[in-house]
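Undergrad: Here it is: the structure, laid out below.
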Number of protein chains: 4
Amino acid sequence: MSGNTFGKLFTVTTFGESHGPALGAIIDGCPPGIEISEADLQIDLDRRRPGTSRHTTQRREPDQVRILSGVFEGRTTGTAIGLMIENTDQRSKDYGKIKDQFRPAHADYTYHHKYGERDYRGGGRSSARETAMRVAAGAIAKKYLASHGVQVRGYLSQLGPIELEVKDWSLVDTNPFFCGDADRLEELEQYMDALRKEGDSVGAKVTVEATGVPVGLGEPIFDRIDAELAHGLMSINAVKGVEIGDGFAVVSQKGTEHRDEMTPEGFLSNHAGGILGGITSGQTLRASIALKPTSSLRLPGRSIDVNGEAVEVITTGRHDPCVGIRATPIAEAMVALTLMDHLLRHRGQNADVKVDTPVLREV
Amino acid sequence: MSGNTFGKLFTVTTFGESHGPALGAIIDGCPPGIEISEADLQIDLDRRRPGTSRHTTQRREPDQVRILSGVFEGRTTGTAIGLMIENTDQRSKDYGKIKDQFRPAHADYTYHHKYGERDYRGGGRSSARETAMRVAAGAIAKKYLASHGVQVRGYLSQLGPIELEVKDWSLVDTNPFFCGDADRLEELEQYMDALRKEGDSVGAKVTVEATGVPVGLGEPIFDRIDAELAHGLMSINAVKGVEIGDGFAVVSQKGTEHRDEMTPEGFLSNHAGGILGGITSGQTLRASIALKPTSSLRLPGRSIDVNGEAVEVITTGRHDPCVGIRATPIAEAMVALTLMDHLLRHRGQNADVKVDTPVLREV
Amino acid sequence: MSGNTFGKLFTVTTFGESHGPALGAIIDGCPPGIEISEADLQIDLDRRRPGTSRHTTQRREPDQVRILSGVFEGRTTGTAIGLMIENTDQRSKDYGKIKDQFRPAHADYTYHHKYGERDYRGGGRSSARETAMRVAAGAIAKKYLASHGVQVRGYLSQLGPIELEVKDWSLVDTNPFFCGDADRLEELEQYMDALRKEGDSVGAKVTVEATGVPVGLGEPIFDRIDAELAHGLMSINAVKGVEIGDGFAVVSQKGTEHRDEMTPEGFLSNHAGGILGGITSGQTLRASIALKPTSSLRLPGRSIDVNGEAVEVITTGRHDPCVGIRATPIAEAMVALTLMDHLLRHRGQNADVKVDTPVLREV
Amino acid sequence: MSGNTFGKLFTVTTFGESHGPALGAIIDGCPPGIEISEADLQIDLDRRRPGTSRHTTQRREPDQVRILSGVFEGRTTGTAIGLMIENTDQRSKDYGKIKDQFRPAHADYTYHHKYGERDYRGGGRSSARETAMRVAAGAIAKKYLASHGVQVRGYLSQLGPIELEVKDWSLVDTNPFFCGDADRLEELEQYMDALRKEGDSVGAKVTVEATGVPVGLGEPIFDRIDAELAHGLMSINAVKGVEIGDGFAVVSQKGTEHRDEMTPEGFLSNHAGGILGGITSGQTLRASIALKPTSSLRLPGRSIDVNGEAVEVITTGRHDPCVGIRATPIAEAMVALTLMDHLLRHRGQNADVKVDTPVLREV
């Protein structure tokens, strides 16, 4: 059934397979008057782009996006925005051999059973290549949000066993890992080189923050903003877990420890990650995701074919040994798209609301 | 904006405040011919009901559900099902004092800013009392799923620092904790008694499994079944994290360790939690949630009032020292509702699909 | 599938059968701060209520609505509003005999084939009794719209062969026909009396106008306001046609005749019915509907039973000889609900828009 | 707000302006395994294409559609289908002069007020050029429906004052009018030639039939199939009225005349147009639309500009003197898309239903 649309008012609908002619998206409900150009979208697309370092797949895709509608004389018109990226580097020959096999931990087996038909080239629709369109759409949301004082930014918070913090945000975009700690880059490089030699892959954790978020976004009870963020973030390929604020750490927290107390100067802590009762509190919004290790490995794995016969699968071709490394711009995009949609939803219903109580931020 | 509906084909829309006249729900898109009675719904409602042990709120609610439409001569007719539970034990006097204060870690502050208006009695719409309707609706989904061979069941997998496993499923419904390990009950009793004496609260983790799930449920790319489960589970009050399968453990896993290999006899492991590429694989579906500690504490906390003035908040009234204890039936309900919706969505599109490849389960 | 919800941001979801325990609705996305009471809703409910004149069914229903949530201290809170009307006058014995027969022009045959199950009592879900909930929900929309300068009002524009105009709006609510022309009331009375003697029924046409509508409502291309109005109005029982503005008269109009020219003083005509390109123009919005004659007749008709055997159907029980007579408040409700939803949708996306061009009304 | 999507399970989302780089669509929820090619879509696109006779606009567009995803090795895969048509004949110079003027009866004025921004070239998004994508998507629905025994076909039922019937369906696609009566072609030619000389335009009526429709499609109460058809058909540019079956003729019909009696051999008449209670009855589905006269005229009309100043508007450029002439394939597409969506929705919920009662067709 139709499951290729995200959002309710500000919606993104995408299409495209890994080795088809093109990827595309339609952004609907975008406010008019936003100054937007293909170059604006290209910034984030280039951050996600493969082949930029030896630690990611060597597939070479310029990922050049075209705006086909909805933008006139440099500004959005409020009508549907059509986007397209043509696939250029399609080495179908790499993939032919897996036509009748199901790669372990991939979607081959489930797509085969669900649809009966399957574009086996590079995973077809189930390939992470699809996320390019999320990033392009997210760039529009980010630009609008920025003009309203909201900044969305993410970083790699863990690579395999290596836990990471942001010590310098300006560093994040200057290395292939989206790492914010200069002292750890060497360690990451070595870990990845060793991993590549092994032929194995590893998982990762990515954290996204949004600052300057207005208080009031989120629609209880089922469309709470945390529920929508979880939906958007869990829909990213390879994601197996989503946390808001302290996430699973809350399981062993006491109430007196967890509750974020308030004073007229602001909130005294932010265990909640900027969300109370499914509505943004105005504090920094914080969400993290767990990404599983890349499933495509040259190390042989047991599986079956379409006839149910046992086969040994060896995946050649070009793959990221850690899909998490390029996931930061994608996670940022999903957070931006969710906030954008809810900003519009909120003001649709509550345009008349006037409240005198001051808005609190962190102390 | 409208955020009180869950699902696309099999939808549940709810209403009701903690201390209003009644809670209600409309279940739309329910298949006709299901034998259903108020007694069927009452089973799960009673599992969630407060006041059944000294470890939960002493609020006494019979939570007697009435079916107002959509069921005729004992069977669903395919038309909208109306449900209602009248609130009986409403001690509004307990709550009057918090009219102008914002309880830390509660939704008071965010509802106030979002809507300008607020039913402050017991948290109004933001109260977990709302979940009674999720459970009632979930009971219908569970019954239909069971008739199709799908069983949904959950348990308490962690209480504060105490990690728990299911050693005996038959035990889970015989104790107030939904604990599946007889040897740990004493420890849980003691922990909760100590906690209550302190006047503090604690978080918890709940895990839900679904067995007999057909392969093929889930609608890539945004309505992947894991994304929808995350949406539904994160929408439960107090939930701050959602995991599918191994969840955050995947961050430090290697690809060779994580990938669930297949043989003609079945899957050799289930790190994925029964979902591949956002589609059910036919393996046991497994999801876990992290619930924050109860925010209502008799231990004073700093906050502000509607004028932005500093206040000290002490919450009296009747509260669960661990909201996670009663969350198991609610989590089961959200999983059942998600599977139900996707079962209908899947067969709407793929009714014509014929596949010969055998379906694998666990070895 | 779920089809019991109307609207996207301001949504109305209903349940209830003609002879079930109760009818109900959930209104979601309602702006907070609207002063609303059960008495406000009762006004329109009483306008639609049966048994108020000898020209409508003699079924006696007080149609007393209860507000179960979403309103606190007399004002909407922005959370879901639950409404309920208990059915009191249920003469099921009147209907038992049609259990296995399909009444011509009724939904018996199609419900039977679609669902396999059917509440045959008074048409069950397919009964026009369901429209009471549309009217109750519409009353909330009307009140909000009125506070924003928008007035929605309708009248009977044709009864069988008798075409009618509004000469005095104040007259419309003072007679059972919603007729706005005092000189025609006698004629209507006589026509209906003769019709009742025959035992036959007749069709009718109802027209609704909305004044003070802001320019800009409607979401091209598929959710144009005219398309949404057509959806809402055609969903009313017995409606077989919908017109916007001049409707089918445009077929034989010339372009020079149809186009509504503009001058700085305003529009010089209103053939378009206040909608251009699917967006409200600020002129008076005008829509009409065609209602088929009542299908329940005491004059025998040929049909079949559930076994496909020929039967002769005679419908006893209490019925309106012209369903159109009571349709005016229902049509007003659907127009009000559509405008309400689109007012919220529009401002969600276009909150930032500033336009200097003056808004035109009729000259 | 997002209004560019039609359907719930089988959805079509479109983008594109009259003079932008391209038009596009995403079809989501399409069943897998349908044999489809660009040539299949081209058939209906060519029926709608401009410049094929002297009675339609001379704009020359090949309207060559490209399938960008969702089809692999000639069959649909069940994933999102991306379509694109590049605009080739864009004479923007024709339109520059209307940049600051509002053409009477066009969407210029309303788009300007709604969005503040406006692509004035050929009406931008409000141009009927958008309908090419509806036709392309409809062609996929038609092909699937045909494989299930459902045929959708339309014809011109009135041109200005000239009422038309279908005497020979095979004739309909052989003339530029979609006229099914050879004896009237000459009259139509002459009428159109005279109209073009005058410089005026005229309205039209188009009727669509669907045969072989299964009984049971439609989701009461708001998503009745007639309500959804009205939504889809009224969303077509220039449409001002929609009728199901006898439409507005029912206003003066008696109940005994209107009700379609049933015998074991079949229905004895079809005043209802194949829909009872909002659900298809299995009879021939019949719907008609009223299209207003083309608004673009070379005969001067009074209007205002963006500053509210009086202007005289003369529309040059290339326009259909009767937009209704090319509307038949578009109306067919909307009927096909609606039936397709409801076929999927229906079987999602009612897959388990078994009914022995025979299905009736016309006698």
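Positions of Cβ are set from backbone N, Cα and C atoms, glycine also.
In TrEMBL, annotation is done automatically, which means it is predicted and not curated.
Straight from TrEMBL, here's the annotation block:
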| type | residues | note |
| --- | --- | --- |
| BINDING | C:ARG48, C:ARG54 | NADP(+) binding site |
| BINDING | C:ARG125, C:SER126, C:SER127, C:ASN237, C:ALA238, C:GLY277, C:LYS292, C:PRO293, C:THR294, C:SER295, C:SER296, C:ARG318 | FMN binding site |
Undergrad: Listed in sequence order, which of the binding-site residues C:ARG48, C:ARG125, C:ALA238, C:SER296 sit with a CB under 8 A of chain B?
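TA: Qualifying residues, whose Cβ lies under 8 Å from chain B: C:ARG125.
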Undergrad: Using DSSP and collapsing to three states, where does C:THR294 (FMN binding site) fall: helix, strand or coil?
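TA: Assignment for C:THR294 (FMN binding site) reads coil.
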Undergrad: Between the Cα atoms of C:ALA238 (FMN binding site) and C:ARG48 (NADP(+) binding site), find the distance and write it as a whole number of Å.
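TA: Roughly 16 Å, rounded to the nearest whole number.
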Undergrad: For C:SER127 (FMN binding site), name the DSSP secondary structure in the helix/strand/coil scheme.
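TA: Once the DSSP labels are grouped into three classes, C:SER127 (FMN binding site) ends up as coil.
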Undergrad: Looking only at Cβ atoms, how many others are within 10 Å of the one on C:THR294 (FMN binding site)?
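TA: Taking all protein chains shown, C:THR294 (FMN binding site) has 27 Cβ neighbours within 10 Å.
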Undergrad: Under a three-state reading of DSSP, tell me whether C:ARG54 (NADP(+) binding site) is helix, strand or coil.
TA: coil
Undergrad: Counting other Cβ atoms within 10 Å of each Cβ, which of the binding-site residues C:ARG48, C:ARG54 scores lowest?
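TA: Result for the binding-site residues C:ARG48, C:ARG54: minimum number of other Cβ atoms within 10 Å at C:ARG54.
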Undergrad: Taking Cβ distances under 8 Å as the criterion, give the subset of the binding-site residues C:ARG48, C:ARG54, C:ARG125, C:SER127, C:LYS292 near chain D, ordered by sequence.
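TA: So the ones by chain D are C:ARG125, C:LYS292.
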Undergrad: Which whole-number value in Å describes the distance between the Cα atoms of C:ARG48 (NADP(+) binding site) and C:SER127 (FMN binding site)?
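TA: Rounded to the nearest whole number, the Cα-Cα distance is 14 Å.
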Undergrad: What same-chain residues, at least 6 away in sequence, bring their CB to under 8 Å of the CB of C:SER127 (FMN binding site)?
TA: C:GLU17, C:SER18, C:ASN237
Undergrad: Roughly how many Å separate the Cα of C:LYS292 (FMN binding site) from that of C:ARG54 (NADP(+) binding site), to the nearest whole number?
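TA: Distance between the two Cα atoms comes out at 20 Å.
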Undergrad: Using C-alpha atoms only, work out the spacing between C:ARG125 (FMN binding site) and C:ARG54 (NADP(+) binding site) and round it to an integer in Å.
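TA: If we compare the Cα positions of C:ARG125 (FMN binding site) and C:ARG54 (NADP(+) binding site), the gap is 25 Å.
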Undergrad: To the nearest Å, how far is the Cα of C:ARG54 (NADP(+) binding site) from the Cα of C:THR294 (FMN binding site)?
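TA: Between the Cα atoms of C:ARG54 (NADP(+) binding site) and C:THR294 (FMN binding site), the distance comes to 16 Å.
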